[in-house]
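Q: From Swiss-Prot, for reference:
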BINDING   ARG692, ALA693, TYR694, THR695, LEU709, ILE710, LYS711, ILE712, TYR713, LYS723, MET724, THR725, SER773, THR776  FAD binding site
COMPBIAS  7-16  compositional bias 'Polar residues'
COMPBIAS  69-79  compositional bias 'Basic and acidic residues'
DOMAIN    535-610  domain 'Cytochrome b5 heme-binding'
DOMAIN    638-749  domain 'FAD-binding FR-type'
Amino acid sequence: MAVKSQLGVTYTTKTFPPSPPRTVGNSHAGSDDERDEVDATPTTPPVEKLGQLLKPYSLPPTNTPTHVLPEDLKTPDHRVNRDPRLIRLTGVHPFNVEPPLTDLYDEGFLNSENLHYVRNHGPVPHCPDDESLNWTFTVDGLVEKPFTIAVRDLIQKYDQFTYPVTLVCAGNRRKEQNVVRKSKGFSWGAAGLSTALWTGVPIGALLRMAKPKRAAKYVCFEGADKLPNGYYGTSVKLNWCMDENRGIMVAHKMNGQSLHPDHGKPVRIIIPGQIGGRSVKWLKKITITSEPSDNWYHIYDNRVLPTTISPDASANLPDVWKDEKYAIYDLNANSAICYPRHDERLVLATAPDTYKVRGYAYGGGGKRITRLEVTLNKGKSWLLAGIHYPEDDYRRAPDGDLLYGGSTDMWWRETCFCWCFWEIDIPVADLSAADDIMIRAMDEGMMVQPRDMYWSVLGMMNNPWFRVVIHKEDGALRFEHPTQPALMPGGWMERVKRRGGNLTNGFWGEKTAAEEEQVLAEPEKEICMTNPKVVRIISLEELKAHEGEMEPWFVVNGHVYNGTPYLDNHPGGATSIINAAAQDATEEFMTIHSENAKAMMPQYHIGTLNDAARKALEGSAEESPASDPTRAVFLQPKYWSKAILETKTDVSSDSKIFSFRLDHAAQSIGLPTGQHLLVRLRDPATREAVIRAYTPLSETHAKGQLDILIKIYRDVPGQPGGKMTQALDSIPLGHFVDIKGPVGKFEYLGKGHCTVSGTSRHVRRFVMICAGSGVTPIFQVLRAVTSDAQDGTECLVLDGNRCEKDILCREELDAMVARAPARTTLLHKLSRPDASWCGLRGRMDKEYLEEHIGGFRKSDGREMVLVCGPAALEETVRSVLVEMAWKPEDMLFF
């Protein structure tokens, strides 16, 4: 609409995209710090607000009322109001979300707080409203005048500015990379970006007050969000901060309101043109240094490593991660199609002559997007789209213009901080004749989006041509976007891959003439874990009625399973099922269990949770609701407990003892002899869990510390190493891991008495067979037997390794034998010994086992074989012992 300002200048208020036109109609422009909920219904603005509406630029949409969502109630973010439309990308917590792409685009140039994307690495730091102005942060390091400043002084003592900035996550469009090959990042769709008006102080004003010294080159930022690897922090160059064209700001308002907790309340950094990961939230420190930040998150996040480096290989390349040339700062040119929407149908009989294809584009480093091209024939020819730059409307603000208490003085600035919108009218007849629509953007530096994807280990900065497939169906055109965010199904990329298409062949997975003669590999089959005939709906109350030992039910992916029939047969013992009773066991089950185990699930499937029950379980805290750090026993069978990594001690070239500090020095571990515990680590970027079972070396009665011997399986050419062991080896001291237990079907009670799946046995002789780090459960039982002079149980230990230096716990094992030489025998056999080895040589094969173990003594019935080692060893032992007439119930595999 045309409006006339008090200066007599007529402006046209533009709303883009043109449909639906609600950006201005729902605007608010209050300059106070109140966070009152605003009625979403458009109303006539009060007289004092009209001055704000008579502007040459758009104002942000009004926030709709929000509240704490049910899924957040039992998380550390239980105080934070959120919009239910946001799509969660990493489960319930931490909060990483993007809005539906169409909703984001339809809001127009500026996005509401409701739909602004969020990237949180952990819990949101809590800052009460009445403490916001008292929040302080420091400015120190290589400066002459370090100081601490409160938000109140930041507002009162410095000039304020307001201007629009588009923030973009470096992972925007990562889902496309994850479909091609799983990266270490979680799956963002194409809506990992948002634009808002930010109010605050140019950072250069603070730095000039501090007076950087001559050696200063970098500015490090650190937030208040405490994470597994310390507080989140990163850095940028000092000269960028001092350059007003860069527009780097210390912000305290977003769209005229004080910052929302998810967006950094009460103060944060805003860095236009760079990836969102540099704009640190909940700011506590600004430190000027001579080198880039050494913060863990600066080094191991927001990088584009060479495409040749796999996720597994990256775990053991610290020097590569620390190489600053792989760090991401400026955004690259990128674009997406928003209309037609994913799965939108255009009925040809009623369609207009043309269809308006439209979307967004953005550049980085202040560069403007100067062209957007569209092709309907895979790049053989291109059409030029029209581009609209709403950001330029703010450059036309009159002198002295104030918005939300900040000057909009940006007429002089040529750098581009925001996304732009493009559109093109295409004849429907041309769309009907095409197989797809593809676009590419170019910035003013003549950098154009690439045709093909550059895959990298973190899946960041993905910006190949954006492609929408056109399907002809029943007199209509159906449009299919490349992916859908998170775990949402849909998109042509998943469809093509399921059918065996090669997404890296340069033709978007379509068969080329050269590939027609090739037989494609069998598409990966998804294991069905449900029974299609089961239609029962189960409530939370019904599920909770089965949280005991008698008839335990558990949940995987929203489906309910009855574990009762498998209690006696579960390899991990009945406790593994009982401990999961009436709980969502999805993460543990999917992480630990084999494909064979998953294929067995349909026979135990009894129903599906209703929506209320699903939400209730999703919101359940993972840790005990009464997880008292002063409790006497550390392990909790149903809940994860945190232990801090204190030391790593090398015991061989590829094995270490990891020592973890418990909650307090008098706290016992709580692990019965012969049982094990679960250790969980989460990838800091993806939040995906890695869970493995380990048997500690610690004494059963040990207190305050937990020692675990772990063999590190490293990557070798052609064979990836151990995901968990390499992850454990790479985490720094002071990092915590999650631990839960005990689990296991075997427990040694002393003097030959033990239980197997709850059944009591009295054993006269144990045959213990192990290899490598499989010695640890054997170690536990042998120590218990030999430590008790009154325990007459005989033990034969057969320990296999490659070479002499690989024999783990050798001195300790020898000491155990020395304590009870009459009833304990220990034999070492090496498969690759050197010339000095005088012991047994070769593999633990049939002849070796027959010679030293002998057949099962039927008249006795009190012998038992305990086995722990690689799968190949366990299979050999199993088959040989069966041939020697040993019964399956007398063989136990840890």
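Cβ coordinates are placed from backbone N, Cα and C, and glycine is handled just like the others.
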Q: Within the domain 'FAD-binding FR-type' (638-749) only, compute the mean pLDDT.
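A: Computed over the domain 'FAD-binding FR-type' (638-749), the mean pLDDT is 86 on the 0 to 100 scale.
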Q: Looking at Cβ-Cβ distances, which residues of the chain lie under 8 angstroms from TYR694 (FAD binding site) while being 6 or more apart from it?
A: HIS676, LEU677, VAL679, ILE708, ILE710, THR776
Q: So, in DSSP terms, is LYS711 (FAD binding site) helix, strand, or coil?
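A: Looking at the DSSP assignment, LYS711 (FAD binding site) belongs to a strand.
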Q: Counting across all protein chains shown, how many other Cβ atoms sit within 10 Å of the Cβ of LYS711 (FAD binding site)?
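A: Its Cβ shell of radius 10 Å holds 18 other Cβ atoms.
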Q: Using DSSP and collapsing to three states, where does SER773 (FAD binding site) fall: helix, strand or coil?
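A: SER773 (FAD binding site) sits in a helix per DSSP.
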Q: Kindly report the helix/strand/coil residue split of the domain 'FAD-binding FR-type' (638-749) according to DSSP, in that order.
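A: Final tally across the stretch: 8 helix, 55 strand, 49 coil.
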Q: Could you state, as a whole number of Å, the largest distance between Cα atoms of any two of ARG692, ALA693, TYR694, THR695, LEU709, ILE710, LYS711, ILE712, TYR713, LYS723, MET724, THR725, SER773, THR776, the listed FAD binders?
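A: Of all Cα pairs among the recorded FAD binders, the widest measures 20 Å.
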Q: Quick one: give me the count of other CB atoms within 10 A of the CB of MET724 (FAD binding site).
A: 20
Q: For the binding-site residues ARG692, LEU709, SER773, which one has its C-beta crowded by the most other C-beta atoms within 10 angstroms?
A: SER773
Q: What is the Cβ neighbour count of TYR713 (FAD binding site) at a 10 Å cut-off, with all protein chains included?
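A: Excluding its own Cβ, TYR713 (FAD binding site) sees 18 Cβ atoms within 10 Å.
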Q: For the compositional bias 'Basic and acidic residues' (69-79), DSSP counts of helix, strand and coil?
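A: So the counts come to 3 helix, 0 strand, 8 coil.
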